[in-house]
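Pulled from TrEMBL:
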DOMAIN    25-109  domain 'Pyrroline-5-carboxylate reductase catalytic N-terminal'
DOMAIN    251-386  domain 'Ferric oxidoreductase'
TRANSMEM  208-230  transmembrane segment
TRANSMEM  250-273  transmembrane segment
TRANSMEM  294-319  transmembrane segment
TRANSMEM  350-370  transmembrane segment
TRANSMEM  422-445  transmembrane segment
Amino acid sequence: PDLRDKYLSLCPLGTAAAPEQELLCIFGTGDLGRSLGQRLLQTGYRVVYGSRRPHSCGPLPERAQVMSHAAAAQSANLVFICIHRENYDFLETLAPELKGKVLVDVSNNVEKNLYPEANAEYLQRLIPGAHVVKAFNTLSAWALQNGPSDANRQVYLCGNNAEAKQAVSVVATKLGFTVLDRGSVSAAKELEDFPLQLFPEWRLPLRLAVGLTAFFFFYLLIRDIISVYIKEKKDISFRIMVSLANKVFPIVSLIMLSLCYLPGVIAAFLQLYRGTKYKRFPDWLDRWMLCRKQLGLLALGFAFLHVLYTLIIPIRYYVRFRLSAITVSEVRDKNRTPEFDTTMAWRTDSYYSVGILGFGLYLLLGITSLPSVSNALSWREFSFIQSKLGHVTLFFCTFHTYLYGWDKFLRASSYKWYTPPGYMLCLVLPSVVLVLKLLLLLPCVDRSLTRIRQGWERTNPDDDSRKSLLT
């Protein structure tokens, strides 16, 4: 017989019995247990639930069985423990049924250091004959029900038995997740702390944003509102809501954007000074560089608020009243309309145009930082957008602010109580970053930095006359 006949004889259509689907057990019928069971059923597993009240445990996924805890434990080799640690005590009575079984602990605590030992370690102590694996605790019920996405593809696990971890890894992989083995069950406490972390990468950027916002708000409040009231006895406190806020937001946005690119510049000069890329950066610089994405997204948020506040300027009562009052006053007192100022027209159009371009590039940087977009880009494309276009964005936004100031820095009236305007203060940092970046782009400096990043090292840094880094 030919090859086709051999294949047909080995795999006759319609006669081979389908392999029996593996049965998995779940203790717990809450949101997480139901979502996990639904995903397992969709993946092709059979699911049995263990419940204290098998006949009144609420709605469960179709095709799932419900039994008592003891009966369910006996029917499957792998058991998901989807119950709180406070309810673990009854499991000790099921030690004979759970002996030799793989127990997947998915529990978490409500706060850190609530117990002296991890939940998985406590479970292993309760049932020493079972193989406890900590896994799936970093996933929410929503993530399990809707499947993995860019934000939650990973399943962390740990355990003392390699075969038990392999069995759990197979299940997680079939569900579409990527498994990361963190070692023995002693790592369970670290895994249980993961879901309790509240924006750990955002803490420093948020503190900076709040601190900068508070500082410039009170600084401008004193300069623009309180000083006018003290000197001229004029109450313009209504300007706090829009005018003052629309000064604070762009100032904080520009400073935060500068803080995104300043650590990269500092790192480059450190590498030039050391003559190697193989020395660690200081810890503060490492932490700073790791939160650049969050700094940039917060900067984009402040820029977006600045755009929204600017768009409502023409419809404000104060603006409409002042425009009409100025027009009536000029017609009445001078009986003529003011002449068209070409210089002012160039200034304002340039100011708005550069601002629009800067905000457009801002949006491009924010979009490419999304995981779904960045995953579709090569490293060279991502680096070009985030680094090259990022510095171009910083230039446009800085130039936009310079156009806003124009020649105001020459006027004595701009320095109320001998303090500079807020926009002048915010120009210091981006100007420094751009100047330092220009120095790094000089051919002699760029060539040396490229060699260092390709692995070249200065063997004798003290002998600058014999081996100069910049040659």
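Every residue gets a Cβ built from N, Cα and C, even glycine.
Secondary structure of the domain 'Ferric oxidoreductase' (251-386), assigned with DSSP and counted as helix (H, G, I), strand (E, B) and coil, comes to 112 helix, 0 strand, 24 coil. For the transmembrane segment (208-230), the residues of the chain that approach it from at least six positions outside its boundaries are 236-237, 239-240, 243-244, 247-248, 251-252, 255-256, 259, 295, 298, 302, 416-417, 419, 421-422, 425-426, judged by C-beta separation under 8 angstroms. As a summary of secondary structure, the domain 'Pyrroline-5-carboxylate reductase catalytic N-terminal' (25-109) carries 34 helix, 19 strand, 32 coil according to DSSP. If one looks beyond the transmembrane segment (250-273) by at least 6 residues along the same chain, the residues whose Cβ comes under 8 Å of a Cβ in the stretch are 205, 208-209, 212-213, 216, 281, 285, 288-289, 292, 295-296, 298-300, 302-303, 306, 362, 387, 390-391, 393-394, 397-398, 401, 422-423, 425-427, 429-430, 432-433, 436-437, 440, 445, 448-449, 452-453, 469. This prediction places the mean pLDDT of the domain 'Pyrroline-5-carboxylate reductase catalytic N-terminal' (25-109) at 91.
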